[in-house]
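Colleague: TrEMBL lists these features:
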- 365-463: domain 'Sensor histidine kinase NatK-like C-terminal' (DOMAIN)
- 336-358: region 'Disordered' (REGION)
- 6-25: transmembrane segment (TRANSMEM)
- 37-54: transmembrane segment (TRANSMEM)
- 66-83: transmembrane segment (TRANSMEM)
- 90-109: transmembrane segment (TRANSMEM)
- 129-148: transmembrane segment (TRANSMEM)
- 160-181: transmembrane segment (TRANSMEM)
- 201-224: transmembrane segment (TRANSMEM)
Amino acid sequence: MIWQEVFQEWTSYLIFIPACVLCYLPMRHQLRKSVRFIVSSFLLFFVAVVLPAEYLQVRFDWNPDIFYFGLLLAAVLYFIWSVKAPVCKALAVIMNVIALLAILSNFAAVYDAWLHPNLGFTNSSMDFILFQNVAGFAALLLLAYPWGKYGARMVDTIHVERAWFMAIPFSAVLLAFNLVIRPLRYSTLHFNRVGLMFRLLLFLMLAAWVIADQMFYVISIEITRSGEIRERNRVFEMQEKQYHDQMRYLEDTARERHDFRQTILALKGMAESGNLEDLNAYLDRYVRTFPRKNTVLYCRDSALNAILNYYANEAREAGIRLNWKIDLDVLVPAGSGSTGKRAQGTAPEDGAGDGTAEHPGLLNVDLSRVIGNLLDNALTAAREGPENRFIQLTVRVRGRILYIVMTNSFDGRVRMENGKYESTKGYGRGVGLSSVRYIVERYGGRASFSHEGMEFYSNVLIPLPRNLPAGSPGGQGGN
(Lines of atoms letter the chains of each structure in order from A and count residues from 1; the text may use other names and numbers.)
(Lines give C-alpha, C1' and ligand atoms only; values in the text may rest on other atoms or scores of the structure.)
Protein backbone atom coordinates (compact mmCIF):
# COMPACT_ATOMS: atom_id res chain seq x y z
CA MET A 1 0.00 0.00 0.00
CA ILE A 2 2.79 2.40 0.91
CA TRP A 3 4.53 1.84 -2.43
CA GLN A 4 1.30 2.63 -4.26
CA GLU A 5 1.17 5.98 -2.47
CA VAL A 6 4.86 6.53 -3.18
CA PHE A 7 4.31 5.83 -6.88
CA GLN A 8 1.35 8.21 -6.98
CA GLU A 9 3.37 10.97 -5.36
CA TRP A 10 6.34 10.20 -7.59
CA THR A 11 4.24 10.56 -10.75
CA SER A 12 3.32 14.06 -9.65
CA TYR A 13 6.94 14.99 -10.36
CA LEU A 14 6.69 13.91 -13.99
CA ILE A 15 5.62 17.49 -14.69
CA PHE A 16 9.30 18.33 -14.17
CA ILE A 17 10.09 16.69 -17.52
CA PRO A 18 8.21 19.14 -19.80
CA ALA A 19 9.18 21.96 -17.45
CA CYS A 20 12.89 21.20 -17.80
CA VAL A 21 12.66 20.78 -21.57
CA LEU A 22 10.85 24.12 -21.88
CA CYS A 23 13.57 25.76 -19.80
CA TYR A 24 16.42 24.29 -21.83
CA LEU A 25 14.94 24.94 -25.30
CA PRO A 26 15.68 28.70 -25.27
CA MET A 27 19.10 27.89 -23.79
CA ARG A 28 20.07 25.32 -26.41
CA HIS A 29 23.02 27.46 -27.55
CA GLN A 30 24.03 28.30 -23.99
CA LEU A 31 24.60 24.83 -22.51
CA ARG A 32 27.64 24.48 -20.29
CA LYS A 33 27.47 20.67 -20.51
CA SER A 34 26.43 18.26 -23.24
CA VAL A 35 22.79 17.26 -23.72
CA ARG A 36 23.68 13.68 -22.77
CA PHE A 37 25.21 14.84 -19.49
CA ILE A 38 22.17 16.97 -18.62
CA VAL A 39 19.68 14.20 -19.46
CA SER A 40 21.70 11.65 -17.46
CA SER A 41 21.85 14.01 -14.48
CA PHE A 42 18.11 14.58 -14.68
CA LEU A 43 17.33 10.84 -14.76
CA LEU A 44 19.69 10.24 -11.86
CA PHE A 45 17.99 13.04 -9.95
CA PHE A 46 14.58 11.49 -10.62
CA VAL A 47 15.57 8.01 -9.48
CA ALA A 48 18.14 8.64 -6.76
CA VAL A 49 16.65 11.77 -5.17
CA VAL A 50 12.95 12.14 -5.94
CA LEU A 51 11.96 8.51 -5.32
CA PRO A 52 13.66 8.21 -1.88
CA ALA A 53 12.34 11.64 -0.90
CA GLU A 54 8.79 10.60 -1.73
CA TYR A 55 9.20 7.38 0.22
CA LEU A 56 10.26 9.35 3.31
CA GLN A 57 7.42 11.79 2.83
CA VAL A 58 4.80 9.02 2.64
CA ARG A 59 6.46 6.88 5.31
CA PHE A 60 6.54 9.64 7.92
CA ASP A 61 3.56 11.64 6.64
CA TRP A 62 5.56 14.82 6.16
CA ASN A 63 4.24 17.91 4.39
CA PRO A 64 4.63 17.22 0.63
CA ASP A 65 5.07 20.94 -0.14
CA ILE A 66 8.39 20.92 1.74
CA PHE A 67 9.78 18.23 -0.57
CA TYR A 68 8.21 19.71 -3.68
CA PHE A 69 9.59 23.21 -3.25
CA GLY A 70 12.91 21.86 -1.95
CA LEU A 71 13.39 19.72 -5.04
CA LEU A 72 12.18 22.58 -7.23
CA LEU A 73 14.82 24.86 -5.70
CA ALA A 74 17.50 22.21 -6.35
CA ALA A 75 16.38 21.93 -9.98
CA VAL A 76 16.47 25.73 -10.40
CA LEU A 77 20.01 25.96 -9.01
CA TYR A 78 21.17 23.12 -11.26
CA PHE A 79 19.63 24.81 -14.30
CA ILE A 80 21.38 28.10 -13.56
CA TRP A 81 24.68 26.26 -13.15
CA SER A 82 24.27 24.20 -16.33
CA VAL A 83 23.88 27.17 -18.72
CA LYS A 84 26.38 29.84 -19.72
CA ALA A 85 23.76 32.58 -19.95
CA PRO A 86 23.68 35.25 -17.22
CA VAL A 87 21.56 34.60 -14.14
CA CYS A 88 19.00 37.21 -15.22
CA LYS A 89 18.23 35.27 -18.42
CA ALA A 90 18.06 31.93 -16.60
CA LEU A 91 15.73 33.32 -13.91
CA ALA A 92 13.48 34.97 -16.50
CA VAL A 93 13.08 31.68 -18.40
CA ILE A 94 12.53 29.64 -15.22
CA MET A 95 9.95 32.01 -13.77
CA ASN A 96 8.09 32.11 -17.08
CA VAL A 97 7.86 28.31 -17.22
CA ILE A 98 6.88 27.95 -13.55
CA ALA A 99 4.14 30.56 -13.98
CA LEU A 100 2.72 28.57 -16.91
CA LEU A 101 2.81 25.33 -14.91
CA ALA A 102 1.05 27.03 -11.99
CA ILE A 103 -1.80 28.00 -14.32
CA LEU A 104 -2.00 24.45 -15.70
CA SER A 105 -1.97 23.09 -12.15
CA ASN A 106 -5.05 25.13 -11.31
CA PHE A 107 -6.74 23.86 -14.48
CA ALA A 108 -5.98 20.36 -13.21
CA ALA A 109 -7.66 21.31 -9.93
CA VAL A 110 -10.77 22.39 -11.85
CA TYR A 111 -10.85 19.02 -13.61
CA ASP A 112 -10.30 17.14 -10.36
CA ALA A 113 -13.01 19.18 -8.62
CA TRP A 114 -15.46 18.23 -11.35
CA LEU A 115 -14.76 14.52 -10.78
CA HIS A 116 -14.19 14.59 -7.01
CA PRO A 117 -16.01 17.55 -5.44
CA ASN A 118 -15.35 16.32 -1.90
CA LEU A 119 -11.57 16.46 -2.21
CA GLY A 120 -9.20 19.43 -2.21
CA PHE A 121 -5.88 20.67 -3.52
CA THR A 122 -3.91 19.16 -0.64
CA ASN A 123 -5.51 15.71 -1.04
CA SER A 124 -6.11 15.61 -4.79
CA SER A 125 -6.72 12.40 -6.69
CA MET A 126 -4.71 10.60 -9.35
CA ASP A 127 -6.90 12.35 -11.92
CA PHE A 128 -5.34 15.66 -10.88
CA ILE A 129 -1.83 14.30 -11.48
CA LEU A 130 -2.87 12.75 -14.80
CA PHE A 131 -4.44 15.98 -16.08
CA GLN A 132 -1.48 18.06 -14.92
CA ASN A 133 1.04 15.80 -16.66
CA VAL A 134 -0.99 15.62 -19.88
CA ALA A 135 -1.39 19.40 -19.88
CA GLY A 136 2.34 19.84 -19.27
CA PHE A 137 3.35 17.58 -22.16
CA ALA A 138 0.72 19.19 -24.41
CA ALA A 139 2.20 22.60 -23.61
CA LEU A 140 5.63 21.21 -24.47
CA LEU A 141 4.40 20.01 -27.87
CA LEU A 142 2.81 23.38 -28.62
CA LEU A 143 5.74 25.48 -27.44
CA ALA A 144 8.70 23.32 -28.49
CA TYR A 145 9.17 24.93 -31.91
CA PRO A 146 8.61 28.61 -31.00
CA TRP A 147 10.66 28.33 -27.82
CA GLY A 148 13.46 26.44 -29.54
CA LYS A 149 13.65 28.95 -32.39
CA TYR A 150 12.42 32.34 -31.23
CA GLY A 151 13.18 31.84 -27.54
CA ALA A 152 16.75 30.86 -28.37
CA ARG A 153 17.04 33.90 -30.63
CA MET A 154 16.05 36.18 -27.75
CA VAL A 155 18.46 34.54 -25.32
CA ASP A 156 21.31 34.72 -27.84
CA THR A 157 20.77 38.28 -29.04
CA ILE A 158 19.32 40.30 -26.14
CA HIS A 159 22.21 41.23 -23.85
CA VAL A 160 20.51 44.07 -21.96
CA GLU A 161 20.12 42.64 -18.45
CA ARG A 162 17.55 45.24 -17.48
CA ALA A 163 15.15 43.86 -20.10
CA TRP A 164 15.42 40.36 -18.62
CA PHE A 165 15.03 41.57 -15.05
CA MET A 166 11.89 43.44 -16.11
CA ALA A 167 10.35 40.18 -17.36
CA ILE A 168 10.74 38.42 -14.00
CA PRO A 169 8.19 40.43 -11.92
CA PHE A 170 5.30 39.67 -14.28
CA SER A 171 5.93 35.92 -14.07
CA ALA A 172 6.39 36.20 -10.30
CA VAL A 173 3.03 37.96 -9.94
CA LEU A 174 1.28 35.30 -12.05
CA LEU A 175 2.89 32.55 -9.98
CA ALA A 176 2.02 34.15 -6.64
CA PHE A 177 -1.56 34.82 -7.72
CA ASN A 178 -2.06 31.22 -8.83
CA LEU A 179 -0.67 29.94 -5.55
CA VAL A 180 -3.04 32.18 -3.60
CA ILE A 181 -6.23 31.30 -5.50
CA ARG A 182 -5.74 27.52 -5.69
CA PRO A 183 -8.80 25.85 -4.13
CA LEU A 184 -7.90 24.12 -0.87
CA ARG A 185 -11.39 22.59 -0.93
CA TYR A 186 -13.01 21.71 -4.22
CA SER A 187 -16.46 22.31 -2.76
CA THR A 188 -15.69 26.03 -3.00
CA LEU A 189 -15.74 25.81 -6.78
CA HIS A 190 -19.28 24.39 -6.69
CA PHE A 191 -20.64 27.35 -4.73
CA ASN A 192 -22.77 29.66 -6.88
CA ARG A 193 -20.64 31.00 -9.76
CA VAL A 194 -17.26 30.63 -8.06
CA GLY A 195 -16.23 27.78 -10.35
CA LEU A 196 -17.19 29.73 -13.48
CA MET A 197 -15.33 32.83 -12.35
CA PHE A 198 -12.33 30.70 -11.38
CA ARG A 199 -12.15 29.12 -14.84
CA LEU A 200 -12.59 32.50 -16.52
CA LEU A 201 -9.80 33.92 -14.40
CA LEU A 202 -7.49 31.05 -15.36
CA PHE A 203 -8.18 31.58 -19.07
CA LEU A 204 -7.47 35.30 -18.68
CA MET A 205 -4.17 34.60 -16.93
CA LEU A 206 -3.21 32.08 -19.61
CA ALA A 207 -4.02 34.63 -22.31
CA ALA A 208 -2.01 37.27 -20.42
CA TRP A 209 0.94 34.85 -20.23
CA VAL A 210 0.82 34.24 -24.01
CA ILE A 211 0.43 37.94 -24.86
CA ALA A 212 3.23 38.95 -22.49
CA ASP A 213 5.59 36.42 -24.08
CA GLN A 214 4.75 37.66 -27.57
CA MET A 215 5.17 41.30 -26.56
CA PHE A 216 8.52 40.57 -24.92
CA TYR A 217 9.70 38.83 -28.08
CA VAL A 218 8.58 41.69 -30.35
CA ILE A 219 10.16 44.33 -28.10
CA SER A 220 13.36 42.30 -27.81
CA ILE A 221 13.66 41.87 -31.56
CA GLU A 222 13.08 45.58 -32.08
CA ILE A 223 15.85 46.32 -29.58
CA THR A 224 18.14 43.96 -31.49
CA ARG A 225 17.26 45.51 -34.84
CA SER A 226 17.81 48.99 -33.45
CA GLY A 227 21.25 47.92 -32.29
CA GLU A 228 22.06 46.47 -35.71
CA ILE A 229 20.86 49.65 -37.40
CA ARG A 230 23.07 51.73 -35.11
CA GLU A 231 26.03 49.55 -36.01
CA ARG A 232 25.29 49.87 -39.73
CA ASN A 233 24.92 53.62 -39.37
CA ARG A 234 28.26 53.74 -37.60
CA VAL A 235 29.85 51.89 -40.54
CA PHE A 236 28.18 54.30 -42.98
CA GLU A 237 29.48 57.25 -40.98
CA MET A 238 32.98 55.81 -41.14
CA GLN A 239 32.66 55.28 -44.90
CA GLU A 240 31.33 58.82 -45.30
CA LYS A 241 34.28 60.20 -43.31
CA GLN A 242 36.66 58.20 -45.51
CA TYR A 243 34.92 59.55 -48.63
CA HIS A 244 35.19 63.16 -47.43
CA ASP A 245 38.86 62.66 -46.60
CA GLN A 246 39.46 61.38 -50.12
CA MET A 247 37.53 64.29 -51.64
CA ARG A 248 39.54 66.79 -49.60
CA TYR A 249 42.69 65.09 -50.82
CA LEU A 250 41.56 65.39 -54.44
CA GLU A 251 40.68 69.06 -53.96
CA ASP A 252 44.05 69.76 -52.34
CA THR A 253 45.95 67.97 -55.09
CA ALA A 254 43.89 69.81 -57.73
CA ARG A 255 44.95 73.15 -56.25
CA GLU A 256 48.53 71.93 -56.11
CA ARG A 257 48.41 70.95 -59.77
CA HIS A 258 46.96 74.34 -60.64
CA ASP A 259 49.83 76.09 -58.88
CA PHE A 260 52.42 73.64 -60.09
CA ARG A 261 53.18 75.69 -63.24
CA GLN A 262 54.19 78.66 -61.12
CA THR A 263 56.27 76.38 -58.93
CA ILE A 264 58.10 74.94 -61.95
CA LEU A 265 58.87 78.45 -63.22
CA ALA A 266 60.24 79.45 -59.82
CA LEU A 267 62.37 76.33 -59.61
CA LYS A 268 63.66 76.88 -63.15
CA GLY A 269 64.66 80.43 -62.31
CA MET A 270 66.56 79.43 -59.16
CA ALA A 271 68.24 76.54 -60.99
CA GLU A 272 69.38 78.79 -63.85
CA SER A 273 70.80 81.31 -61.40
CA GLY A 274 72.73 78.54 -59.62
CA ASN A 275 71.30 79.48 -56.19
CA LEU A 276 71.19 75.95 -54.75
CA GLU A 277 70.65 77.08 -51.14
CA ASP A 278 67.46 78.96 -52.00
CA LEU A 279 66.42 76.10 -54.27
CA ASN A 280 66.73 73.51 -51.46
CA ALA A 281 64.91 75.76 -48.98
CA TYR A 282 62.10 76.31 -51.47
CA LEU A 283 61.80 72.56 -52.10
CA ASP A 284 61.69 71.84 -48.35
CA ARG A 285 58.85 74.33 -47.87
CA TYR A 286 57.04 72.93 -50.88
CA VAL A 287 57.24 69.31 -49.63
CA ARG A 288 55.82 70.33 -46.25
CA THR A 289 52.74 71.71 -47.99
CA PHE A 290 51.86 68.32 -49.50
CA PRO A 291 48.44 67.14 -48.26
CA ARG A 292 48.54 63.89 -46.36
CA LYS A 293 46.19 61.11 -47.32
CA ASN A 294 45.17 59.13 -44.25
CA THR A 295 43.14 56.51 -46.10
CA VAL A 296 45.02 53.20 -46.18
CA LEU A 297 43.98 50.04 -48.00
CA TYR A 298 44.00 47.51 -45.18
CA CYS A 299 41.65 45.16 -47.03
CA ARG A 300 39.47 45.16 -50.16
CA ASP A 301 36.13 45.14 -48.40
CA SER A 302 35.05 48.79 -48.36
CA ALA A 303 33.03 48.60 -45.13
CA LEU A 304 35.75 46.81 -43.17
CA ASN A 305 38.44 49.05 -44.65
CA ALA A 306 36.47 52.12 -43.59
CA ILE A 307 36.19 50.75 -40.05
CA LEU A 308 39.93 50.06 -39.87
CA ASN A 309 40.80 53.52 -41.20
CA TYR A 310 38.36 55.19 -38.83
CA TYR A 311 39.79 53.58 -35.72
CA ALA A 312 43.36 53.97 -36.97
CA ASN A 313 42.86 57.73 -37.35
CA GLU A 314 41.11 57.94 -33.97
CA ALA A 315 43.99 56.08 -32.34
CA ARG A 316 46.62 58.30 -33.97
CA GLU A 317 44.83 61.44 -32.81
CA ALA A 318 44.76 60.01 -29.27
CA GLY A 319 48.47 59.23 -29.38
CA ILE A 320 47.95 55.46 -29.33
CA ARG A 321 50.64 53.35 -30.98
CA LEU A 322 49.37 50.83 -33.55
CA ASN A 323 50.80 47.53 -34.71
CA TRP A 324 48.39 45.95 -37.18
CA LYS A 325 49.02 42.89 -39.32
CA ILE A 326 46.08 42.07 -41.58
CA ASP A 327 46.31 39.27 -44.13
CA LEU A 328 43.07 38.05 -45.69
CA ASP A 329 44.35 37.20 -49.19
CA VAL A 330 42.67 33.79 -49.16
CA LEU A 331 39.27 35.43 -48.76
CA VAL A 332 39.61 37.81 -51.71
CA PRO A 333 37.12 37.06 -54.52
CA ALA A 334 38.32 37.36 -58.10
CA GLY A 335 37.99 40.84 -59.49
CA SER A 336 37.48 42.56 -56.16
CA GLY A 337 38.89 45.99 -55.79
CA SER A 338 38.83 49.15 -53.77
CA THR A 339 39.95 52.72 -53.76
CA GLY A 340 42.71 54.00 -51.59
CA LYS A 341 46.44 53.74 -51.27
CA ARG A 342 48.05 50.57 -49.95
CA ALA A 343 49.97 50.91 -46.72
CA GLN A 344 53.67 51.18 -47.42
CA GLY A 345 56.76 51.50 -45.30
CA THR A 346 55.98 55.18 -44.80
CA ALA A 347 53.46 54.17 -42.12
CA PRO A 348 55.62 51.95 -39.91
CA GLU A 349 53.11 51.64 -37.11
CA ASP A 350 50.43 50.17 -39.37
CA GLY A 351 50.23 46.84 -41.15
CA ALA A 352 48.16 46.13 -44.19
CA GLY A 353 47.26 43.25 -46.39
CA ASP A 354 44.83 42.13 -49.00
CA GLY A 355 41.56 40.82 -47.78
CA THR A 356 37.82 40.84 -47.70
CA ALA A 357 35.19 39.58 -45.35
CA GLU A 358 33.04 38.22 -48.13
CA HIS A 359 33.03 34.44 -48.51
CA PRO A 360 30.37 31.71 -48.40
CA GLY A 361 30.66 31.06 -44.67
CA LEU A 362 31.13 34.47 -43.06
CA LEU A 363 29.12 37.56 -44.01
CA ASN A 364 31.16 40.72 -44.49
CA VAL A 365 28.81 42.67 -42.22
CA ASP A 366 29.40 40.18 -39.40
CA LEU A 367 33.18 40.32 -39.72
CA SER A 368 32.94 44.12 -39.80
CA ARG A 369 30.85 44.03 -36.62
CA VAL A 370 33.31 41.71 -34.88
CA ILE A 371 36.40 43.76 -35.72
CA GLY A 372 34.56 47.05 -35.19
CA ASN A 373 33.39 46.07 -31.71
CA LEU A 374 36.85 44.79 -30.77
CA LEU A 375 38.51 48.00 -31.94
CA ASP A 376 35.88 50.15 -30.26
CA ASN A 377 36.49 48.46 -26.91
CA ALA A 378 40.26 48.54 -27.39
CA LEU A 379 40.28 52.24 -28.33
CA THR A 380 38.07 53.18 -25.37
CA ALA A 381 40.22 51.20 -22.96
CA ALA A 382 43.54 52.45 -24.36
CA ARG A 383 42.42 56.08 -24.15
CA GLU A 384 41.82 55.67 -20.42
CA GLY A 385 45.16 53.97 -19.86
CA PRO A 386 48.44 55.56 -18.75
CA GLU A 387 51.45 56.23 -20.97
CA ASN A 388 52.73 53.75 -23.54
CA ARG A 389 49.25 53.21 -24.93
CA PHE A 390 48.98 50.75 -27.79
CA ILE A 391 46.69 48.47 -29.83
CA GLN A 392 48.09 45.36 -31.50
CA LEU A 393 45.84 43.63 -34.02
CA THR A 394 46.50 40.54 -36.12
CA VAL A 395 43.90 39.24 -38.59
CA ARG A 396 44.93 36.31 -40.77
CA VAL A 397 43.94 32.85 -41.99
CA ARG A 398 45.79 29.69 -40.98
CA GLY A 399 44.58 26.49 -42.60
CA ARG A 400 40.82 26.86 -42.54
CA ILE A 401 40.63 29.04 -39.44
CA LEU A 402 40.31 32.82 -39.37
CA TYR A 403 42.25 34.21 -36.41
CA ILE A 404 41.69 37.64 -34.88
CA VAL A 405 44.15 38.38 -32.08
CA MET A 406 44.18 41.72 -30.30
CA THR A 407 46.15 43.11 -27.38
CA ASN A 408 45.57 46.61 -26.03
CA SER A 409 46.68 48.61 -23.06
CA PHE A 410 44.20 49.79 -20.42
CA ASP A 411 44.20 51.22 -16.91
CA GLY A 412 44.12 47.80 -15.22
CA ARG A 413 40.64 48.23 -13.70
CA VAL A 414 38.10 45.51 -14.54
CA ARG A 415 34.63 44.50 -13.43
CA MET A 416 33.47 40.94 -13.93
CA GLU A 417 30.26 39.01 -13.25
CA ASN A 418 29.83 35.30 -13.92
CA GLY A 419 33.15 35.27 -15.77
CA LYS A 420 32.07 38.05 -18.16
CA TYR A 421 33.58 41.51 -18.40
CA GLU A 422 31.39 44.48 -17.55
CA SER A 423 31.81 48.10 -18.46
CA THR A 424 33.71 50.11 -15.83
CA LYS A 425 31.62 53.18 -16.69
CA GLY A 426 28.63 51.94 -14.72
CA TYR A 427 26.09 51.42 -17.47
CA GLY A 428 26.00 47.65 -17.64
CA ARG A 429 27.70 44.75 -19.33
CA GLY A 430 30.25 45.21 -22.10
CA VAL A 431 27.71 44.81 -24.89
CA GLY A 432 30.42 44.96 -27.57
CA LEU A 433 32.19 41.87 -26.26
CA SER A 434 28.88 40.03 -25.87
CA SER A 435 28.00 40.87 -29.46
CA VAL A 436 31.38 39.57 -30.64
CA ARG A 437 30.93 36.32 -28.74
CA TYR A 438 27.40 35.82 -30.12
CA ILE A 439 28.42 36.42 -33.75
CA VAL A 440 31.48 34.18 -33.51
CA GLU A 441 29.62 31.32 -31.81
CA ARG A 442 26.90 31.55 -34.47
CA TYR A 443 29.55 30.51 -37.02
CA GLY A 444 30.81 27.70 -34.79
CA GLY A 445 33.80 29.71 -33.62
CA ARG A 446 35.14 30.77 -30.26
CA ALA A 447 35.84 34.14 -28.66
CA SER A 448 37.79 34.50 -25.43
CA PHE A 449 38.79 37.57 -23.43
CA SER A 450 41.29 37.92 -20.62
CA HIS A 451 43.63 40.41 -19.01
CA GLU A 452 46.94 40.49 -17.21
CA GLY A 453 48.29 43.55 -15.50
CA MET A 454 47.52 46.49 -17.76
CA GLU A 455 47.02 44.51 -20.97
CA PHE A 456 43.71 43.19 -22.31
CA TYR A 457 43.64 40.20 -24.66
CA SER A 458 40.98 39.31 -27.25
CA ASN A 459 41.21 36.06 -29.20
CA VAL A 460 38.72 35.05 -31.91
CA LEU A 461 38.72 31.87 -33.99
CA ILE A 462 36.20 31.37 -36.82
CA PRO A 463 36.17 28.18 -38.95
CA LEU A 464 35.97 28.70 -42.71
CA PRO A 465 34.10 26.54 -45.27
CA ARG A 466 35.83 23.48 -46.71
CA ASN A 467 35.42 24.77 -50.27
CA LEU A 468 37.72 27.67 -49.42
CA PRO A 469 41.47 27.22 -50.13
CA ALA A 470 43.66 26.89 -47.07
CA GLY A 471 45.35 30.07 -45.90
CA SER A 472 48.98 30.78 -46.64
CA PRO A 473 51.45 30.73 -43.76
CA GLY A 474 52.64 34.26 -44.37
CA GLY A 475 51.11 37.68 -44.75
CA GLN A 476 51.91 41.29 -45.43
CA GLY A 477 52.11 43.66 -42.57
CA GLY A 478 54.11 46.14 -40.64
CA ASN A 479 55.26 46.89 -37.15
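Even glycines carry a Cβ here, placed using N, Cα and C.
TrEMBL annotations: computationally assigned, not manually curated.
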Colleague: Examine the transmembrane segment (90-109) against the transmembrane segment (160-181) and state whether at least 3 Cβ pairs sit under 8 A, considering only residue pairs 6 or more apart.
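Modeller: Per Cβ check, the transmembrane segment (90-109) touches the transmembrane segment (160-181).
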Colleague: Among 37-54, 66-83, 129-148, 160-181, 201-224, which stretch has the most Cβ pairs under 8 Å to the transmembrane segment (6-25)?
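Modeller: Going through each listed stretch, the top one turns out to be 129-148.
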Colleague: Six or more residues out from either end of the transmembrane segment (129-148), which same-chain residues have a Cβ under 8 Å from its Cβ atoms?
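Modeller: Cβ under 8 Å, 6 or more out: 8, 11-12, 14-15, 17-19, 21-22, 25-26, 28, 100-101, 104-105, 107-108, 111-112.
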Colleague: Across the domain 'Sensor histidine kinase NatK-like C-terminal' (365-463), what does the pLDDT come to on average, as a whole number?
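Modeller: Averaged over the domain 'Sensor histidine kinase NatK-like C-terminal' (365-463), per-residue pLDDT gives 81.
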Colleague: For the domain 'Sensor histidine kinase NatK-like C-terminal' (365-463), jot down how many residues DSSP puts in helix, in strand and in coil.
Modeller: 32 helix, 42 strand, 25 coil
